[in-house]
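Annotated features, as they stand in TrEMBL:
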{"type": "COMPBIAS", "residues": "665-679", "note": "compositional bias 'Polar residues'"}
{"type": "COMPBIAS", "residues": "754-764", "note": "compositional bias 'Polar residues'"}
{"type": "DOMAIN", "residues": "373-655", "note": "domain 'G-protein coupled receptors family 3 profile'"}
{"type": "REGION", "residues": "655-685", "note": "region 'Disordered'"}
{"type": "REGION", "residues": "750-775", "note": "region 'Disordered'"}
{"type": "TRANSMEM", "residues": "371-394", "note": "transmembrane segment"}
{"type": "TRANSMEM", "residues": "414-435", "note": "transmembrane segment"}
{"type": "TRANSMEM", "residues": "447-468", "note": "transmembrane segment"}
{"type": "TRANSMEM", "residues": "489-510", "note": "transmembrane segment"}
{"type": "TRANSMEM", "residues": "547-568", "note": "transmembrane segment"}
{"type": "TRANSMEM", "residues": "588-604", "note": "transmembrane segment"}
{"type": "TRANSMEM", "residues": "610-633", "note": "transmembrane segment"}
Amino acid sequence: SQCDNAKGLKAFYDAIKYGPNHLMVFGGVCATVTSIIAESLKGWNLVQLSFAATTPELADKKKYPYFFRTVPSDNAVNPAILKLLKYYQWKRVGTLTQDVQRFSEVRNDLTGVLYGEDIEISDTESFSNDPCTSVKKLKGNDVRIILGQFDEEMAVKVFCCAYDEEMYGSKYQWIIPGWYENLWWESWINSSQCLSKNLLAAMEGYIGVDFEPLSSKMTKTISGRTPQQYEKEYNAKRGDGQSSKFHGYAYDGIWVIAKTLQRAMKYLNATNKHQKIEDFNYTNHKLGKIFLDAMNETNFIGVTGQVVFRNGERMGTIKFTQFQERKEVKVGEYNAVADTLEIINNSIRFQGLEPPKDKTIIQEELRKISLPLYSILSALTILGMIMASAFLFFNIKNRNQKLIKMSSPYMNNLIILGGMLSYASIFLFGLDGSFVSEKTFETLCTVRTWILTVGYTTAFGAMFAKTWRVHAIFKNVKMKKKIIKDQKLLVIVGGMLLIDLCILICWQVVDPLRRTVEKYNMEPDPAGRDISIRPILEHCENTHMTIWLGIVYAYKGLLMLFGCFLAWETRNVSIPALNDSKYIGMSVYNVGIMCIIGAAVSFLTRDQPNVQFCIVALVIIFCSTITLCLVFVPKLITLRTNPDAATQNRRFQFTQNQKKEDSKTSTSVTSVNQASTSRLEGLQSENHRLRMKITELDKDLEEVTMQLQDTPEKTTYIKQNHYQDLNDILSIRNFTDSKDGETAILKNHLDQNPPAQWGSSDPSRTSKDPIEDINSPEHIQRRLSLQLPILHHAYLPSIGGVDASCASPCVSPSASPRHRHVPPSFRVMVSGL
C-alpha cells in the first residue's frame, strides 16, 4: 500500500494538516511517492530522510534540496564498477539496459563516470522485452565485459540469449545488479524457453553489484554494538517475520535523526538560548535551515558502515558478489568514503586461467622457419659446399693432366662457382623475420634472387659453352682445323651473365622487391589462453611479380633448351674427356623435373614456410649436387683408373657375322661388303679424334719452329744410333679387311729410300768438326725446309691412315699406287728434332 501514490500523498498531507508539528520526515520507499513529497518539502522547511529510496532521480539537489537518504543511490554502484574495471584493467566495455527509467538513469550516470577515465564504452544496447537482438550486437562488436541493468525477469531472458550466442564462460564477464532476491531465477525460469542447466551455465561467474546491507567490519558502532551483534539481536526480535535488507539503513537513519537534532539543540543553546527546537513550525525557515545544516554534518560509524552525506547522498559501502555453483558469494567491497576496493583473497573465481580480456586480443604471430629445420638444411648445404670445394681442388691440382686439360678446366671452375653460389642462396632463403630485421629482410629479398640467378647461369652457361665448343669442332666436317680457346668460352658465359644482369637491374630499378606481410584468419591459442592468434607471413613481392618471374623463367628455359640441343647434337662424339653430352642431358633432365616440381609445390605451400623452405632448399641442393657429381665424378674415376682411355677414341669391334646393314651407306660404299652403321660411326669418330690431334700437332710444330729460329745453337744433334727410338715414336697403323685380305696402305709423302740413307754422311765432311758443321744455320734451315713439310703431311697417315684432305678414312682400294704395298714395318724418320 506504500507504493500507492494516492494513499501515500494523502497520508502525508493529513499528517501535516491534522497532526502536531513534525521536525523531520523519516521514510519514503516508493520512488514515485518519495519524489513528489521530497519536491514539496521546501515549502514546509522540512528535512526528509529515506532509508529505502534508491532511485537516482532523488540525487538532484536543485529539485530536492531537503532530501537525504541513508541508503546509497543506485548510481552509487557506478564508482564501484569503475574501480573494479580498473582493478582488472578492463578498458573496453558494453552496456545492456532495460528500457526503464530507473535503469536508464544508472546507465547514463555510468557513462559520465567512465568518461575521461580511459575506458571505452564500445557499444550501448537497450531492449524492451526481447534482449536477444541486443546480445547478438554486443557479440558482433566483440564486447567481452557487459554491464547490465535489468530486473530479474529480463535477467533470465538475457542469460538464455547469452547461452544461445555462447557469450559466457572464460571469455566473457557479466556485471549486473546485485539486489535480486535469493534464487531469483527460479521464479522466472518457466517463462523462458531455456533449460535450467543452460541458464545456470550462462549465469555461472556473473558479478553482482549492490550496496552492503550490513557492514562486515568487527567495529563497534555508535550504538555500542558491532554490526554482527546488531544483526543477531534483530533476527531474535523479528522472529519468523520476513527480513528486509533495508533494516540496517533504517536503524542508522534513526541515529542520523537523533544526532541531527542533538547538533541543532547544541547550536541553538550556543547561539540563542531562548529558542528551542520545540519552537519549530512549518514557516520557521531559520530552524529549518539549522536542521538542514546539522544533517549535512552527519558522520559516524553505523551498522551499515560509516554514515556520511555528500550533497545529500549516502557515501556507503558497495559489495561485490559472484554467482558460484548456484549461489552468490561475496568477493569484495568498495568503500565510497575512502574510494578503495578490497577483493577478498581467492574468493573470486574466473572460468579461465585468468580474468577475461576486455576484447579479443589478436596476437600476430610470425610463421617462421623452424630453427632445427634451418640447421639441418644448412648442414646439408655446408656438406655440398665442401664437396664443391673438393672438386675445385681436384680440378686445379690436375689441370695439367691431359684428361682435365681437354675438359676445359676454366669452364669446370665456373661450373663449381655457380654451384657454390646456388648453395649459398639457401642460407639466405632461410633467414626470415625471426633472425633479421624488416629492413635486412627486404635487402635479402634482392640479394638471394641475384645470387641464385647468377649461380644458375654461371654453372649451366659454362657447361653449355663447353658443349658448344665440341659441337663447333666436330659438326663442321668441311673445316680442316679450328681452335676455340677458353677466352671465347668465357666471353659466351659473360654474355649470358650480362643478359641476367640486364634483367635483374631493370627489375630492381623499375619494380624492386619489397617485404610484404600476408595476414591469415585468426586461430585459437594452442595453449588455451584467452587470445586469438593471427598468423602472418613475410613474402618478397612487388607489383608485377608474375611478369618478372615469367621473364626470368623464359630466359632460363631457353638456356636449358639450348643445352639440350647441344647435348643431342654431340651425343656421338666418343671422346670422354671432351664430350659431356650424356651427363649434361642427365643433369638438364633432373634439374628441369626438380625445378618444375619444386616451383609447383612451393607455390601451393606458400602459407607453410617450413614446408616451402624445405622444398626450395632440397631442390637447390639436389640440382647443384647432381650437376657437380655428373660433371666431375666420372673424371675423377677415369683419372684414377685409366687416364689414357678417356683421351682416346672408343674402339668398335666388328665381327664377320654382322648382318645389319646401314641403308644410308650401302648404296654409296659398294666396295665394302655388309658394312654396318656402327662401323661407319666408328670411322667418323676416329676421323674426329684425328682432327683434334692435327690441331694439337700444328700447335706443337709452331712452337718447335719458333724455338729453332730463336735458339739454333741449342738444337739437339741426333745420332744414327738414335734413329730406332724415333722410329718407335711415329708408326703407321694399318686398317685391314678380314674378308678380301687386301691391305689399305695410307698415304705418305716420304721417299722410298732405305732408312740407312737417312743417317749417312759425307766422308769428306767427317774430317771436320761434325757438331759445329751440322748445327750451322745453313744446315738447320735446310733441315727445316725439308722435315717440317714431311712431318706435317706424313704424320697424319702414320697415326691412323687418314689423309688430312679427306673427311673419311682413306681405305679405298683405288688409292694412289704409291700408297700400296708398303711394308707394315715402315717408319717415318725425322732427324734433327
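In case you wondered, yes, glycine gets a Cβ from its N, Cα and C as well.
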Of 371-394, 447-468, 547-568, 588-604, whichever stretch has the most CB pairs under 8 A to the transmembrane segment (414-435): 447-468
Cβ-Cβ under 8 Å with the transmembrane segment (371-394): same-chain residues at least 6 beyond its ends: 412-413, 416, 419-420, 423-424, 426-427, 430, 610, 613-614, 617-618, 621, 624-625, 628, 632, 636
Average model confidence [pLDDT] within the domain 'G-protein coupled receptors family 3 profile' (373-655): 80
Selection from 447-468, 547-568, 610-633, the stretch that has most Cβ pairs under 8 A to the transmembrane segment (588-604): 610-633
Outside the transmembrane segment (547-568), six or more residues from its ends: residues with CB under 8 Å to it: 453, 456-457, 460-461, 463-464, 467-468, 471, 496, 499-500, 503, 507, 511, 581-582, 584-585, 588, 591-592
